[in-house]
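Chemist: Below you will find the structure I want to go over with you.
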Amino acid sequence: MDFVTQLLLAAITAGTPLLLATLGGILTERAGIIQLGAEGLMLMGAVTTCLVFIRSGNLALALLAAAAVTALLGMVHAFLSVTLRANQTMCGLAMTLFGSGLSAYLGKAVSGNPLPGILPRIPLEFLEPIPVIGAIFGRLDLLTWLSFLLVIALHLLIHRTSWGLHLRAVGDSPATADVMGIRVHLIRYGYVTAGAMLIGLAGADMVLTVAPTWNEGLTAGRGWIAVGLVIFARWNPVRALLCAYFFGALDSLGFRMQLLGSAIPPYFLKMIPYVVTILVLMYLGYRDRGKPSGTPESLGVPYVREHRF
Amino acid sequence: MSRQKAGAETLLKPVISPVSAGKSRAWRLEFDAIRVRSPWWTPVLSVLLALLLCAGFIAVNGMNPWTVYAKMWNGAFGTGYGLTETLVKAIPLLLCGLGIAVAYRISVWNIGAEGQLTAGAIAATAVTIYFPEIPAVWSIPLMLVLGVAAGAFWGLLTAIPRIYFGVNELITSLMLNYVALLALDYFVIGPWKDPEGFNMPGSPMFAASLSLPTLGGTRLHIGLLFALVAVLIYYLMIRFTRWGYELRMIGANPVAARYNGIPITRHILLVMVISGGLAGLAGMVEVSGVSHKLMQGISPGYGYTAIIVAWLAKLNPLGLIVSAVLFGGLIVGGYSVQTIGLPSSVSEMLQGAILFFLIAGDMITRFRVRRRSA
């Protein structure tokens, strides 16, 4: 494999957790609920995967457990922000702090233990002859393919189905949606839960591919980068794919430059994704000043029927 | 059917009924949209409920929650040593929590206290590395000034994207935490590494003259006074100055504040500088008063815990002192359960749970059970 192919593969590997988490964030925020708990949800997804996988040895069970646990946490988030109408910023922050504390507590038992297996790869050798990208296809794992499918599925869901229309209506103008007979609270619960599950899977993917053992706080802010990517991708799944791989490439670039014997200390290379996140968001803010940013119009506003002030 | 009924009824009332209302029950739940303040006992109840929830997780791990909590209490408040340790931990929590409270008053969600603290610690250490010659009378004030300035600068880096580019300060401040921690790694492993430190990461120990004075031979240092004075100033400023009035006004209603000509962007900038400066001060007193050298893990997540400290105190000055001591105790208690084989992350888990119950409690207490009239 040449350098370009290697970098692409590394970008996809490092970008898949970001992509899954960003998609989860998009689903949640399209329904009008701010999702700032991504970091905590990813950690909970990761630790659940590790615990179940190491105890049972069954990967499918581990992924299911991760999805179930994060779905439960998603429902807690939905209960707080939809039913109780609490401050969604603080809810997300609580989710992150609780998730990192609980995952550190639960994960202590398996900290540093290697996982009994890896994600199965889907071999597609017949694609090998295609130049540059052919070699990549044989090396992608199950969750990566799932993330591809999800991008297409979510794009179609949001932009081409009546369900997507309902979702966007709930996020943009819940009062109108309510008048149309759409059950706003039910839809918000559903998408917050589904979004949390995807973010949990992102954590599972992180621990299964990028870092093969559990370590306290192993997501290292990637949940927050995903929160930024949701804005960067303007709540659009296809754009999310490109953005996530761009950041995946940045993430692995530092590591690669270190291997190539770069003179820059590794700590500065590791800062790149964080600094670029800020710079990109600043650029977007500058470029889109005074223009609609694609933000769901009722993002962060709890919907209360008969609210009239 | 039931929808219309609820709608017609609430037209005349200031209270707002949830979706479940309107069914033919003798009572119903109503959400009080007017009363914003929740009763004083919600923080207390939140702490108790969090203890209860985490007792479940501890029991799942095969331990007796009662023993664990007793151990934590004893470790944090039971002995004289524990109590001083708790107060030592409460100092950075109080300083960072105060900074966060100032910012949260006008809904500037600064979660970057961890990075601002680290920046302050790095800047203070720079004095000891590059100016080892100057007398202590000058170097400690210099460390203070540089520590505060570095924290304030780190806060400014969050404020500028927010004000001029509309970037959400949550993301910026958190990203900057990682940048500051990586910079710390660079300094303690790279150029500032102690040549006599057996290759362990960390700066050389500060000269004794560069340490903050301690109180009565304990580990408790003069940073406690800094923190208490800062809280007092915060109270007086918020209560009695025009600036404090404007902050309270922005917090209560930003739209009305803007129409009244209050310069909101200038306030955001100033508040982030103060917030960062206080966290930077916390970083300075940590290196100079406690660890006496720059090393990895100088903060066991003070910047994040301080968010809960501020929220538990409802941004109230006296409450800040109480909750800082409580969370200092929680951190020390977390260390003390390690002797019975539990990870210290018990305390982190508890902290997160407290915040959850606090948020839920603030809203749940606004629901009222009402008898149905008519």
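Every residue, even glycine, has its Cβ placed from backbone N, Cα and C.
Annotations for this protein, taken from TrEMBL, read as follows:
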{"type": "TRANSMEM", "residues": "B:40-60", "note": "transmembrane segment"}
{"type": "TRANSMEM", "residues": "B:80-104", "note": "transmembrane segment"}
{"type": "TRANSMEM", "residues": "B:111-131", "note": "transmembrane segment"}
{"type": "TRANSMEM", "residues": "B:137-158", "note": "transmembrane segment"}
{"type": "TRANSMEM", "residues": "B:170-189", "note": "transmembrane segment"}
{"type": "TRANSMEM", "residues": "B:220-238", "note": "transmembrane segment"}
{"type": "TRANSMEM", "residues": "B:268-288", "note": "transmembrane segment"}
{"type": "TRANSMEM", "residues": "B:294-313", "note": "transmembrane segment"}
{"type": "TRANSMEM", "residues": "B:318-337", "note": "transmembrane segment"}
{"type": "TRANSMEM", "residues": "B:349-369", "note": "transmembrane segment"}
Chemist: Look over the recorded stretches B:80-104, B:294-313, B:318-337 and say which has the most C-beta pairs under 8 A to the transmembrane segment (B:349-369).
Modeler: B:294-313
Chemist: Do the transmembrane segment (B:318-337) and the transmembrane segment (B:170-189) share at least 3 Cβ pairs closer than 8 Å, excluding pairs fewer than 6 residues apart in sequence?
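Modeler: Since fewer than 3 Cβ pairs under 8 Å link them, the transmembrane segment (B:318-337) and the transmembrane segment (B:170-189) do not come into contact.
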Chemist: What residues in the same chain, six or more past the boundaries of the transmembrane segment (B:268-288), come closer than 8 Å to it by Cβ-Cβ distance?
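Modeler: Residues packing against the transmembrane segment (B:268-288) from afar: 91-92, 95-96, 98-100, 102-103, 105-106, 108, 110, 112-114, 116-125, 140, 143-144, 146-156, 158-160, 162-163, 169, 206, 210-212, 221, 223, 226, 230, 247, 294, 298-299, 302-303, 306.
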Chemist: What same-chain residues lie close to the transmembrane segment (B:40-60): Cβ under 8 Å, and 6 or more beyond its ends?
Modeler: 66, 68-69, 312-314, 319, 323, 326, 342, 346, 349-350, 353-354, 356-358, 361-362, 365
